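Q: First, the structure itself, so that you have it in front of you.
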């Protein structure tokens, strides 16, 4: 072994020590807050006492370390340093009602903010609120304060966007789109605040998946707002405002992660992906619906048929007739036929199920495209926004062809959405898995460039993914995941799927290089595991974004236990962000932990919560 290898090992050892030290300090800080909260009673007093002993040991270690002449600063990035982690008060709590000592609030803020990417802004945000009388009584009040700052900043973004003046129609469209997206973002932050307001500290971990999903969506909405503007003065004006709210959102997500990691050992909360209770949003009707084979057994609320044999002849007419308030799941049965219409299931239409006669029998089709000067975001044939949307045995198409360039068949931003035995056909940008938690089972997805893209937390399980023939000279990419921040809980997981050439590509596949994906945004995250990858995929596996080094250090691309002629990872890219993972790491991206998949299994949909080789 070379001498420089010993140096690298020592650097890693030192870095691990620093990380462990900081984690212990944060654990102690959060434990102290929990005790002060007066919610958890005497059990937490004992835990805090144990933490106090651990903190005293760490404090003594820190003193000894400083005497030796080296500091205990933690380096987060090459150009960004955090101050030495402060040590919370060592005095054990005498009672649960005890208040925090003067000056201790600042130390706690510093400690909690040390886990964020934008530490100084985090400290300033929380400090400003404590100065205004913000109560330092439990961990969730810190988080609430951080999210309130996001919500207030979004008001400023909206104010800025509405003040913009232009005569250019493209810019006007971008302004209108951004306005709607900022309003969507505000809805998510308000929902997050409402959730925190009704949650006790000892139940906090149960609501974390919702908070992470909603705030991750806020990040996506902010980014899409910016993407809508062409480069120029107008975009620069908006970018300054939007970037500010993105920073605050990132800090909120980081604080959630900090509290989750450090409340778990304190409170022994049940693992969120192994809940014993069936979630309240899943009804018995949902389970019967997804288990049903005969559509007549569904007892739909409305039937759509082009031949007039149903209640409506168009899907949109059926949606307009759906009651504004409906208890339980509302089912629309769409009979065989090609429905040439643009459909939006808006946010008010929650818990809606659409069932067709088959993915190649009941088809919703359109042909909007970027080539027709339509924004990619608005080209979707079908849009699913309402929470809890389910589709079974349906087909979704965009027939713009390869000449249409970006042309979306479906855009999904419905939280806890399920697609079972569905088919998605297009070329570039076929399936826009935009935001929130999504599950696709036994589906067929067909396209050319970035044909599964977006910033959702989405798992594709037991699906057939077919790469088709595009324009001459084009390179095909299956995925283009758009995670913009390391604390977002989003990403794509392709699990036990088949990736192969479509029939039209097979004879000429040597003329079209195809790849598993490319990084659309800085923290793009895609995992391909336990899948069959046929020889349509280039041995390097992954493609750079427009032949640059963009995101190759910050992305997370992983493969685990794949098979097929292109499943061999020997010749894969040598990027810092790509890795071949082991079983332990792969488990993190199964349905259970990644989507908190109890809601899927409770719905009656077939699902594999863990690995197939377990």
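Glycine is treated like the rest: Cβ placed from N, Cα and C.
Swiss-Prot feature annotations, pasted as is:
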- 55-102: region 'Disordered' (REGION)
- 103-255: region 'Pectinesterase inhibitor 13' (REGION)
- 301-598: region 'Pectinesterase 13' (REGION)
- 376, 406, 518, 520: substrate binding site (BINDING)
- 429: active site, proton donor (ACT_SITE)
- 443-463: disulfide bond (DISULFID)
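Can you tell me where each of these features sits in this structure?
A: The 10 Å shell around the Cβ of residue 518 (substrate binding site) contains 25 further Cβ atoms across the protein chains shown.
Shown in sequence order, 376, 379, 406, 407, 408, 447, 449, 450, 451, 453 are the residues of the chain, 6+ apart in sequence, with a C-beta less than 8 angstroms from the C-beta of residue 429 (active site, proton donor).
The secondary structure of residue 443 (disulfide bond), as reduced to three states from DSSP, is coil rather than helix or strand.
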Q: Write down the Cα-Cα distance for residue 520 (substrate binding site) and residue 463 (disulfide bond), rounded and given in Å.
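A: Checking the Cα atoms of residue 463 (disulfide bond) and residue 520 (substrate binding site) gives a distance of 23 Å.
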Q: Give the three-state DSSP assignment (helix, strand or coil) for residue 406 (substrate binding site).
A: strand
Q: Near residue 443 (disulfide bond), how many other Cβ atoms are within 10 Å of its Cβ?
A: 24
Q: How many whole Å apart are the CA atoms of residue 520 (substrate binding site) and residue 443 (disulfide bond)?
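A: Pair distance, Cα basis, whole Å: 24 Å.
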Q: Let me know the model's mean pLDDT on the region 'Pectinesterase inhibitor 13' (103-255).
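A: A mean pLDDT of 91 is what the model gives the region 'Pectinesterase inhibitor 13' (103-255).
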Q: If you run the three-state DSSP split on residue 520 (substrate binding site), which class comes out?
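A: Its secondary structure by DSSP: coil.
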Q: Between the Cα atoms of residue 443 (disulfide bond) and residue 518 (substrate binding site), what distance do you get, rounded to the nearest Å?
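A: Residue 443 (disulfide bond) to residue 518 (substrate binding site), Cα-Cα distance: 22 Å.
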